[in-house]
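**Student:** Quick one: this structure, given as structure tokens, is what I'll be asking you about.
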Amino acid sequence: MAAAAASRGIGAKLGLREIRIHLCQRSPGSQGVRDFIEKRYVELKKANPDLPILIRECSDVQPKLWARYAFGQEKNVPLNNFSADQVTRALENVLSGKA
């Protein structure tokens, strides 16, 4: 069902199946990612209700954006020391196939 929905929404032409965001709850390098989640996650999820968007918190992990596509292909973008706006641009690039 999520795969069918992803085929109609963002990243549809690329076969996007899932977005994962890894971050640390406390590190300064993850602050922009935490800000992004607080300010923009709800809007992103409302616009894409059937696309799995997973948030994974882990102590001392480097913040990273993962996108999983059809046939198990994955791309990742490091988000260390990014601002919330830079995280937004990184997500847009992944969704458009530029990353």
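Note that Cβ sites are derived from N, Cα and C of the backbone, with glycine treated the same way.
Okay, so Swiss-Prot annotates it like this:
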- Ala2: N-acetylalanine (MOD_RES)
- Cys24-Cys58: disulfide bond (DISULFID)
- Lys64: N6-succinyllysine (MOD_RES)
- Lys64: N6-acetyllysine (MOD_RES)
- Lys75: N6-acetyllysine (MOD_RES)
**Student:** To the nearest Å, how far is the Cα of Cys24 (disulfide bond) from the Cα of Lys75 (N6-acetyllysine)?
**Tutor:** 20
**Student:** Which residue, of the disulfide-bonded residues Cys24, Cys58, has its CB surrounded by the fewest other CB atoms within 10 A?
**Tutor:** Cys58
**Student:** How many Å lie between the Cα of Cys58 (disulfide bond) and the Cα of Lys64 (N6-succinyllysine)?
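**Tutor:** If we compare the Cα positions of Cys58 (disulfide bond) and Lys64 (N6-succinyllysine), the gap is 12 Å.
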**Student:** Among the modified residues Lys64, Lys75, which residue has the fewest other Cβ atoms within 10 Å of its own Cβ?
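**Tutor:** Least crowded of the modified residues Lys64, Lys75, by Cβ count within 10 Å, is Lys75.
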**Student:** In whole Å, how far is Lys64 (N6-succinyllysine) from Lys75 (N6-acetyllysine) when you measure between their Cα atoms?
**Tutor:** 10
**Student:** Going by DSSP, give the three-state secondary structure for Lys75 (N6-acetyllysine).
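**Tutor:** DSSP assigns Lys75 (N6-acetyllysine) to strand.
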